[in-house]
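Heads up: the structure comes next, in structure tokens.
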Amino acid sequence: MATDGASCEPDFSRASEDAAEATAEATAEAAKKEFDVDTLSKSELRMLLSVMEGELEARDLVIEALRARRKEVFIQERYGRFNLNDPFLALQRDYEAGAREKEKKPVCTNPLSILEAVMAHCRKMQERMSTQLAAAESRQKKLEMEKLQLQALEQEHKKLAARLEEERGKNKHVVLMLVKECKQLSGKVIEEAQKVEEVMAQLEEEKKRTNELEEELSTEKRRSTEMEAQMEKQLSEFDTEREQLRAKLNREEAHTTDLKEEIDKMKKMIEQLKRGNDSKPSLSLPRKVKDRRLVSVSVGTEGPVTRSVACQTDLVVESTDHVKKLPLTVPVKPSAGSPLVSASAKGNVVRPSVDRQASHGDLILSSVPTVPPPSVNKTEENGPSTGSTPDLPSSTPPLPNNTAPPAVQPPSIASQNYSQASSLHSLHSPCANASLHPGVNPRIQAVRFRFQGNANDQDQNGNTTQSPPSRDVSPTSRDNLVAKQLARNTVTQALSRFTGPQVGASARPGAPTTGDISTHPPVGRTSLKTSGVARVDRGNPPPIPPKKPGLSQTPSPPHPQLKVIMDSSRASNAGAKVDKTVASPPTSLPQGNRVINEENLPKSSSPQLPPKPSIDLTVAPAGCAVSALATSQVGAWRAETPGLNQPACSDSSLVIPTTIAFCSSINPVSASSCRPGASDSLLVTASGWSPSLTPLLMSGGPAPLAGRPTLLQQAAAQGNVTLLSMLLNEEGLDINYSCEDGHSALYSAAKNGHTDCVRLLLNAEAQVNAADKNGFTPLCAAAAQGHDKCVELLIAYRANINHAADGGQTPLYLACKNGNKECIKLLLEAGTDRSVKTRDGWTPVHAAVDTGNVDSLKLLMYHRAPACGDRLNEEEPESDVFDLDGGGERPEGTVKPVVPADLINHADREGWTAAHIAASKGFKNCLEILCQHGGLEPERNDKCNRTVHDVATDDCKHLLENLNALKIPLRISMSETQRDSFGSDDFECENTIWALTIRRQTSWDDFSKGVIQALTNHFQAISSDGWWSLEDVTFNNTTESSIGLGASSVLSIMLGSVSWSPGQSFAQSPWDFLKKNKAEQVTVLLSGPQEGCLSSVTYASMIPLPMLQNYLRLVEQYHNVIFHGPEGSLQDYIAHQLALCMKHRQMAVGFSCEIVRAEVDAAFCKEQLVDLFIRNACLIPVKQSPGNKKVIVILENLEKSSLSELLGDFLAPLENRSTESPCTFQKGNGTSECYYFHENCFLMGTIAKACLQGSDLLVQQHFRWVQLRWDGEPMQGLLQRFLRRKAVNKFRGKLSSPRDPVCKTVDWALSVWRQLNSCLARLGTPEALLGPKYFLSCPVVPGHAQATVKWMSKLWNAVIAPRVQEAILSKASVKRQPGLGQTNAKKHPSQGQQAVVKAALSILLNKAVLHGCPLPRAELDQYIAEFKGGSFPLSIVSSYSSCGKKKGENGAWRKVSTSPRKKSGRFPSPTWSKPDLSDEGIKNKTVSQLNCNRNASLSRQKCLENDLSLTLNLDQRLSLGSDDEADLVKELQSMCSSKSESDISKIADSRDDLRRFDSSRNSPAFSATVNNPRMPVSQKEVSPLSSHQTTECSNSKLKTELGVSRVKSFLPVPRSKVAQCSQNTRRSSSSSNTRQIEINNNSKDEIWNLRKNEQVEKPNK
């Protein structure tokens, strides 16, 4: 039929079109795989849009043409045989068609169906195109926005460019002006520089001239001084000769008179002889001759003018009886003078005698004192006159020190003394004075200073020889020395007469005489020495002379008249009685011995006056006052220490007036007995008297007081002891007055080295620590100038030896700076601080080295301060003082430096130590001394990173390079057990941590400190967060590091093969010991499990010691502990080391212990475990009692077996270890018996799995779980510490900066491990997580980072890539049909799964491994090919998502898929879930953790067991619509698009996992869930482990974990249980001992997504 034939044509054409469409679709599919829309440019997108529009138009035209063509063909075929002319045929056709309607097939295919099919296809294409156009349009909009922003930025750029040009123009103009000004200024600078040079040249010339003038002036001054001395000497000689001649003249006149009388007598005798009697003249002549002889030695002539008679010669034998009663009488002149008190009212010191062999100034009295009645005042007129008989000249040599002290002679033997003294009539007493007229020659006044020093040498304690000036000298011996002494006394008295007012005053009453006993009596004779004037009782008072009224503005107050006991038989020559106290002379004791005996205080009947600040002694107007120089104590030797020492003689008593109150101890001063041979001119040589002071002394009246402070300073600066003592005796004078520069009198005296002036000022209570304007004290000045005597004196008066000036200079620093060895020694013996630093950071060591003074440096380093401040015997040599002179001869190491290493290594502002200074200046000797100190650090850098060797001269460099030092490596050794259990490839058996420097002088204490410090610094360095070497941690004083290791962790130290412990000392020094034993290294052994400690385990594994101790406590306390974590987390090592430690602890207390290790595999069954427990006595029969044996069972690799099957029957007996909870086990012979676990059994297990799932959760609550998370301690920092320890070992304890390639390589390996685990956790593949064990074998090779990259490629290909591939395939197929489908998926993955695996490997490789590699990019490209998956193109990941979408996904679904998503796990078995019914949801993006109580957990477990079978049936019945491959690709896309991986701590462990259910109508439970907007479909599951970093977990609670995927479960949850769990969750508190429940993110989003899904599915119904 034609209709049939026509109907076949459309079929054929349709088939061809279908084939063409299929071909086009196949081509399009192939093109899509290679075509990436995301990578097209703007022009390419436009071209694509135009092509697509043209294609649509062409399709529309083709459709219209096909419609028209088919319509014509159909009409022709249908109605071609009919026409309108025959209606009957049409009726017949209609009839036939109606009749055969049911039988007849259609003539051709319905065009409408074809069009509908075409339109449906076009609609699909249009939808796809619309989506691409929408995406392109959005990108185009973004592009336009960016264009607008770019234009705005360009406009701003143009504006800024214009401004910049303007500013450039302005700046250019300014720069040109500045350049011109700079040129002008440079010219001016040059001119000024030339002028300055000229001025400097002139200045230099002037300086030279000034220096020449100064030299000439100094020479002239010296010449004038010499000439003046010569003139004074000549004047003194002239005066002496004049006095001698005058005395000779007087004697000759007297002799002439005698001769005249004799002539007269002879004439009379001749006359008488002429007259007759021949016998009488022969008898009278001898008698007269005898009389003449006696008269020649009798008392001198007494003229009618002179009423005061002084005994000048030996008394006549025929004297009256009153002479015997008063053997020591002093004549008095009532009309001209007043009696003078012999001693001051404040005199209280028994002064030791003076032993001066070469001086003539000691005046010795030999007299017999009488004891008057108590009512009589014991006084002397005119002082203790030396005119008493007998007299001893000063030239008499002193007795030896061992001479016995003379005894006091009673008055009964006075006649004997007089008779003995008569034999010395030829020795003239030096107290006779020639008469002087009031108008004294000024030359005599000027020479007074010269005479005073020698005249007063007679009695340093103030005794003077005075007589009335009007009395002539009686004839005595013609000795020149006596004449010279007489002349000096005459000048002194004359000057005293003319310098004082002619006013008489009485002596102060109540002042008894204190006596000092001379040690120089004549042969067999007794001599008494009267005491000197007293000293002011004012702190440490000086020996002050009697106050001269001529120097005071106010006269001394009047005193009661002195009572004098007169003899009636001799009224004109009556003298006061003198009572002298005799004391035994000190012959062997040091100076300064004082006796205070207040029991012997005499009672005075005179009225008592209060003490005054100074001593006022009235003087006779005739000039009988005590001279000021009589007590100046020139050249006196001070006592060693001010204070009370032992008395001179216990039998001697000291007379002290009761009116005197003592405030402090007094340092007695006397002439030096330690320096025999001191010259008489000590005052002149020590005082430095200047002629400029002469006019003051030449003036007759008193000087004004206004200029006295300045005069005091001048006297102290010039060393004028005379003037200084006179000034100090005045009242109202400020002795602490300082001039403009702040210099006090004490400062000036100390600076110029005037020891006597310093002593006077100190006794006068001058401020010893007064500082000038620069902060320098007198001690500083004396130490800087090198005046050791002044320094010694100031130190004795408690000067501040550590006083620092404004610049920080101490006296020790100044002494070292100027190289004053004696001052340094004195200061060090006084205990000064050697470590005081100046403002510039210099110490005394710097100062000593800077001057190159070897002796000063040796003193600083080796001189020890004495244990006691007072050296009782100064002559004994100090055995521990470093010998400065023989330092080179002493054996090295015999003297230990006293300065610490910190002081030797102290750096100044520039970072220079003393060694830097010595080396740079070429002071080789100083550098050698510094190098002898064991603590010197020659490698210390300054601020410019220069060592001592860098700045040293050639000689010093040679010295540094050849130092006597041993460099011995310090190592920490690992035990064999730790190496075997840990893996010998992972770490070296010995780690070198430092190189010890041992020198000859190193002591065992220094060696111990060095070893302990090196260990402490090493432990701190490897446990720190950054890279820093041992030099950087010396300031850290913490005893333990963050990993818990310290000095207490050391078990023993091996010096070669000899064991040594810190603090132990051998007879030999460390240098000799190590040399002798040939020790090449020092090995440290840490306390390990064998000693019941875990320190060695901590160092081997880098797990902090507190955590290991906590693990050990858990095992000992709970008995059942399981260590779990990712593979490679050292679970087996930790369990084994803890077991070893427990074993040795138990054995130490007397128990036997055994460790049983069992490796669990898939074939390990429960029966084998029962047999293991019974065989090792862990399970014992109920009837049997437990023994004392301890058993530790370690079950390794429990992840290879099912925990519920293996340990299910042991849970209750293990938790309750008693006979009350037994378990029954069947033996091999068929019988059964009850067993129980005893308390002496410990069970530890290890699981290399990050989380538990399924039925294994039932075991969880019965054990204590220790979780070893990769992102928490101890695993988080373990790899870092381990690799850092490797680097320390390679560099022998010295680490470079973080920029060093080795440090970068170690940091890269560490980041690879962290980033890899972070990415794997983000992908939801916890089974692929790696512990740090695989990375411990990372090679650390300095300078060869390629080795580390090669090692990383091997690790990637052998371990990481296979684990990642397996985990990705497991995740991609986890929701497929369990059983065969999953197995086939792993063995034969589909193309999509292979693409996902390759993409995951490529992304992990680029994001985690290659990122941060220290190699350059060009070099790194050579190694990329060695990594598996490195060549996979990432563009396929983007195109993969377009063909992976399911039907019905629209724009809304895509919006949902970009939200945070929960990754699904690979585990087929379900876990319990807890939904969140809260409307608000969880706002926090991170995981919230809530705790359920024990009841809720138990109810869940019971529900889990009841509904287990129902869950499996539901899983088989449900058709899951989500595609995990697409989800993985989304995650990979997000990871690939992120520029940098976020911090692992901020990555959420899960995202919302949204699923659609196409067959929800077949599941009533889930259709109800969908319709209920408050009930989410996908349940939130419980993660099995806690996310806390705590390692102590509860036995009875479930745990959750961050960073791992969850297991899907679709169990129908009753509302009541859900509500109960929700309420319990809200009530519970967060705790590590409760179950951790993981709640997902916002539930509102999930509900909204499900409602959208429902709307999408409605049109399909």
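Placement of Cβ uses the backbone N, Cα and C atoms for every residue, glycine included.
As the structure is a computational prediction, the values presented were derived from the model and not from experiment.
Per Swiss-Prot, the feature compositional bias 'Low complexity' maps to 383-394 (among others).
Swiss-Prot lists 454-466 (among others) with the feature compositional bias 'Low complexity'.
Per Swiss-Prot, the feature compositional bias 'Low complexity' maps to 1622-1636 (among others).
The asymmetric dimethylarginine feature in Swiss-Prot is assigned to R497; the stated evidence is similarity to another entry.
What Swiss-Prot records for S1522 is phosphoserine.
The region 'Disordered' annotation in Swiss-Prot covers 1-27 (among others).
For the region 'Disordered' (206-226), residue counts in helix, strand and coil come to 21 helix, 0 strand, 0 coil, using DSSP. Per Swiss-Prot, the feature region 'Disordered' maps to 206-226 (among others).
According to Swiss-Prot, the region 'Disordered' annotation covers 329-438 (among others).
Taken from Swiss-Prot, the feature region 'Disordered' covers 454-477 (among others).
Look at Swiss-Prot and you will find 493-612 (among others) tagged as region 'Disordered'.
If you look up Swiss-Prot, you'll see 876-896 (among others) marked as region 'Disordered'.
The region 'Disordered' annotation in Swiss-Prot covers 1444-1480 (among others).
Positions annotated as region 'Disordered' by Swiss-Prot: 1555-1597 (among others).
Taken from Swiss-Prot, the feature region 'Disordered' applies to 1614-1661 (among others).
Across the repeat 'ANK 1' (707-737), the DSSP tally of helix, strand and coil residues reads 19 helix, 0 strand, 12 coil. Residues or ranges marked as repeat 'ANK 1' by Swiss-Prot: 707-737.
Beyond its flanks by at least six residues, the repeat 'ANK 3' (774-803) meets 540, 638, 640-642, 742, 744, 746-747, 749-755, 758-759, 762, 768, 809-812, 814-815, 817-818, 820, 822-823, 826-827, 830-833, 836 of its own chain at Cβ-Cβ distances under 8 Å. What Swiss-Prot records for 774-803 is repeat 'ANK 3'.
With a cut-off of 8 Å between Cβ atoms, the residues of this chain six or more beyond the repeat 'ANK 5' (840-869) that come close are 641, 807-808, 810, 812-813, 815-821, 824-825, 828-831, 834, 878, 880-882, 884, 887, 895, 897-899, 903-904, 906-909, 914, 917-918, 921, 923, 925-926, 929-930, 933. Long-range contacts of the repeat 'ANK 6' (910-940) within its own chain (CB-CB distance under 8 A, at least 6 residues past either end) are made by residues 843, 845-846, 848-850, 852-854, 857-858, 861, 892, 897, 899-902, 904, 946-949, 951-953, 955-957, 959-960, 963, 999-1003, 1006, 1031. Helix first, then strand, then coil: DSSP counts for the repeat 'ANK 3' (774-803) stand at 17 helix, 0 strand, 13 coil.
Residues 774-777, 779-780, 782-788, 791-792, 795, 801, 842-845, 847-848, 850-851, 853, 855-856, 859-860, 863-866, 869, 871, 884, 899-900, 902-903, 906 of the same chain, all 6+ positions outside the repeat 'ANK 4' (807-836), place their C-beta atoms under 8 angstroms from a C-beta of that stretch.
Secondary structure of the repeat 'ANK 5' (840-869) per DSSP, as helix, strand and coil residue counts: 16 helix, 0 strand, 14 coil. In terms of DSSP secondary structure, the repeat 'ANK 4' (807-836) contains 17 helix, 0 strand, 13 coil. This prediction places the mean pLDDT of the repeat 'ANK 4' (807-836) at 93.
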